[in-house]
Structures are given as structure tokens and as C-alpha cells.
Amino acid sequence: MEAGEAAGAVLFLLAAAVSLLAAVSTGALDFTYLVTVVGEGSSTSPGSGGGAWWREAWVGARSRAVAPALQVGVWACMVMSVMLVVEATYNSAVSVAARLVGWRPERWFKWEPLGGGAGAGDEEKGEAAAAAYPMVMVQIPMYNELEVYKLSIGAVCGLKWPKERLIIQVLDDSTDAFIKNLVELECEDWASKGLNIKYATRSGRKGFKAGALKKGMEWDYAKQCEYVAIFDADFQPEPDFLLRTVPFLMHNQNVALVQARWVFVNDRVSLLTRIQKTFLDYHFKAEQEAGSATFAFFSFNGTAGVWRTEAINDAGGWKDRTTVEDMDLAVRATLKGWKFIYLGDLRVKSELPSTYKAYCRQQFRWSCGGANLFRKMIWDVLVAKKVSSLKKIYILYSFFLVRRVVAPAVAFILYNVIIPVSVMIPELFLPIWGVAYIPTALLIVTAIRNPENLHTVPLWILFESVMSMHRLRAAVAGLLQLQEFNQWIVTKKVGNNAFDENNETPLLQKSRKRLINRVNLPEIGLSVFLIFCASYNLVFHGKNSFYINLYLQGLAFFLLGLNCVGTLPDHCCF
């Protein structure tokens, strides 16, 4: 059993223990008869005899200690819920307003087209025309990327840019000799076609992706490049990517980064990828656009962006102290006074994790790394001299505290622990505005920026309820720097040619797994707990009726606990 499963099992056992005590105390479960028979050897009717004293003791303890303690948690969650809904409303409102007024980066930052067109035309015009283009390096970090290495290398080699002004650097950290050989042969094939493509390896994987990017910047040929674009192994930029991004950097000397938006080649493959699309579309449409439009802060997404080399060096270069090296560099560059540009209409194709396990590992890495970076950067942000106080508040409060800590905490503690337990603790008070109105408001503001994903938003809410368990565990691991806080597991890809031409049916068949090997114990445990609480609420009506929501949450945990969401074509999956 992994550490995460053990932690989930402990959480379930604690919640189940509280539920059992509450159920016994209210009379839903009565073991007095069994206690009396065993202790006295006599037949006594349930509910009578000497065993009733401990029930009364528990009721007293519940009203004097348990309920007050949980009530503190309730009000803490209410405060966090308000923080969360205000943050979401602000992001959605700003992004909608920016769209309505036609806000575009070109209005605030100078942009002029380069020359007369693409690389082929520049070759005809000669060296004089090509000299107008700055030296650009494109980095493609990869690790055992058998399924996608050709896609990314081919797409990057198709970028429109003078060949003599472009260096393509494939940073291969693969440990599989067969895959390394294939990647190297692919690079040699493109080099034979006249492209300046470099195949770079290193001994060991120190620093993981950050270490590879840092090592790549140390090569002599890299030092002559003014700008560096980064694409993960599953990303496929359009040919005009550099033509649309680099001019912003050339004409605005205070701009360090131009970030593009992600789109997905496998978003219709399964319910899992559809829900991921809903989440990421909101991130790009609301959070990234709001941070860009207000000149506050938005983070580098780790790929599909172009950096000014000077800014990378000024910020201290790539660091491997967390699993979110992209966010780390973005924050440090911002504190140095550099500005970022987000281009929401420039889209780069990529691949979503197609299995639940892969998605959980990706989200753990992102959540743990973000929380850990929050811990490491608090003082640096507070003492920074080149950013305003408002930007410091935005970075620490909005970007880090609310999104990295508050969001997973309130989602799990309130909706998966406190509300279920409350159906068996009548002394607990839950304000209706906190458990009904705020979730509804969050649903609405999310739907406003996701109209094309409206049908998946309710499912996304249930899915996020499950994922909050993993994100909260990751946030705690990052904040406390537990043993697993700096683990890096590469997200498994399958390649978009693993699906049919309509991007709907998986063609790659996976070997059949035994049911026991597919079970996720924390999810199954929480599903049992939630369904028990829902059934208790249905049978023994209290002052609140949460059983419908609890049944839905329990079903969501159960399906994900059996890995029934994702691309497992051999099984009954959605």
C-alpha cells in the first residue's frame, strides 16, 4: 500500500469511528443487548440494562466537546468558502469584462510582424533578411516518451523561422536505451534535412525536468540565443507560433515571458478527459486571463511559452527545489520586475492524462509543489523591492493561499467530512448560505467562463470533490515538506495517433487487469463512509437533508475507486 493509500485509509477510519459513535449515541445502532448478554449472561431487551450509561456519557461528550470542536471547523470552512467564492467571482468577472471590452495584449504591448513571412521566404531573400530574426532555441524535455516523441519533434521542426536562426534542442533523460536510440535517430533524420537540431543527454536525472532545462542552457550554442521556447514532449505548436510570440519580446524589453493556451487532442476520449478539459479551460479562460488583464500575476504553465534568456538568468535560472520549476521561475522573475503576456487566442495542442492514476499523480505533483513553493517564497515575496504591495498581496493571498491551500482544504474537509458527519451530530450548526448558496455561486461563475462545457460542470464538481482528497494530502505534504514532497513521476502519454480520426475511440488496447489491482482503497473507503452517512440521513431524518448530495459524492468516490473513469477499454469505463 502506498503512503497516499495509507493516509486515505487513516482518514476513513477516523471519520468512520466518529460516525459509528454518533450512530450509537442517537440510537441508530444499539449494541446494549450484546453487551448485556456477554457481560451478564442474561437476556435483556435492547436499550435497557447497565450498558446505557456509556451512551449517555457519549451524548454528553458529543455536546460538550465533539460538536464544539467541529463547529470551529465549520466556521473555519465558512471563512475559506467565502475566500474561494470571492476569488472565483473576481477571476470570472475580470476575464468576462476583458472579453467584452476587447482587451488584447497588442493594445498594451508593442507588436510588429517580422519581415515578410516565414522561413522559406527568408532563405530566398538571403542572409540579410534572416538577420532580422533573433536567435531562438526551442527546448523539448522528454523522458521515455515512446508514444509522443515524433509528434513534438516533428511539430517543432515545422516552425516557421529561418533555419540559421533556430536551434532545436531535444533534452532526452530517457532511461530506456531502445527509446533513447529512437529519439536520437529521429533527431539525426531531421538534421539531415538541414535543421539545426541538437540531441542532448546527461548522466543521471538530478533535478528532473528543471535539471534538464538548466543543463540545456549551459551548452555554448544555447548562450547565443536571445529567446528560448519550451514544449513538453506531448505538445504540438502550430507553424506560426514563434512568429506570433517572439515580436512581443523583441519590442518590449521588460517582458520576460509570452504564454500560450493549451488545447487538447484527446479531450473527447473519456469522461475523465472531458472533466479535465473543463478544469483547464477555466484555468486558462479565467485565472490566466484575469492575471494578465489586470497586470497582476499569472504563472508560466511549464510549456507552450517563450522566455527571454536574460530574464531566466536574472531570476536565478532553473531550480529543482520543488516539483513546479515553472511556477518557481515565474514567481522569481516577477519579483525581479519582469512582465508576462498571456495570449489566449494562441493555442497549442497537447495531451491530457487518459487514466485516473496518471491524473492523480500529475495533480499531486502540481499541488504539492505549489504548496511547497508557497512555504519557500513567502519571505522573498514580502521583501521584494521591484513589485508593488498590491502585487505581493495578489501573489501570496490569491495565487498561493486561496488556490493552493484553501481550495483543496475546504473542498475536502467541509464537503467530505463535516457535512457527512453533521447528519449524526444534531448539535452541529451548518449555515445554509455556506453549504448551499456558496457552492451554487461557484457552479455559476465556473459555468459562465465554460459555456461549451456546461454539461460537464456538475460532473466536474463531483470529480473535484474526489480530487480534493489527493490535493489536500499533497498540499499538506508540500507545506510540511514530508518525505514525498519532492517526488517526480512523469505523466504517462499515449499519443494522439492512439485514437481514431474522430478523437473518440481508444485504439490502444491495454492488458486486462484483475479487479483487485484496479481498486483505489482511499476512494473506496470514503465512498463507504459517504453512503453510510447518506443512508443514515435518509432513514433518520435530522434538521438537514443532505442524502442526495452524499449519495452522489459516494457514487463518485466508488466509481473512481474502481478506476471506472478513463481509457480502460477492456473494462466498463466511461
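These residue numbers are counts, starting from 1, taken along the chain as shown.
For all residues, glycine too, the Cβ spot is worked out from N, Cα and C.
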Per Swiss-Prot, the range holding transmembrane segment, considering 132-152, 405-425: 405-425
Swiss-Prot annotation of transmembrane segment - which of the ranges 365-385, 428-448 it falls on: 428-448
Of the residue ranges 66-86, 255-275, the one that Swiss-Prot records as transmembrane segment: 66-86
Stretch carrying transmembrane segment according to Swiss-Prot (options 17-37, 521-541): 521-541
Mapped DSSP class for ASP173 (active site), helix or strand or coil: coil
For the recorded positions ASP173, ASP232, ASP234, the one whose C-beta sees the most other C-beta atoms within 10 angstroms: ASP234
C-alpha spacing of ASP173 (active site) relative to ASP234 (substrate binding site), in angstrom: 15
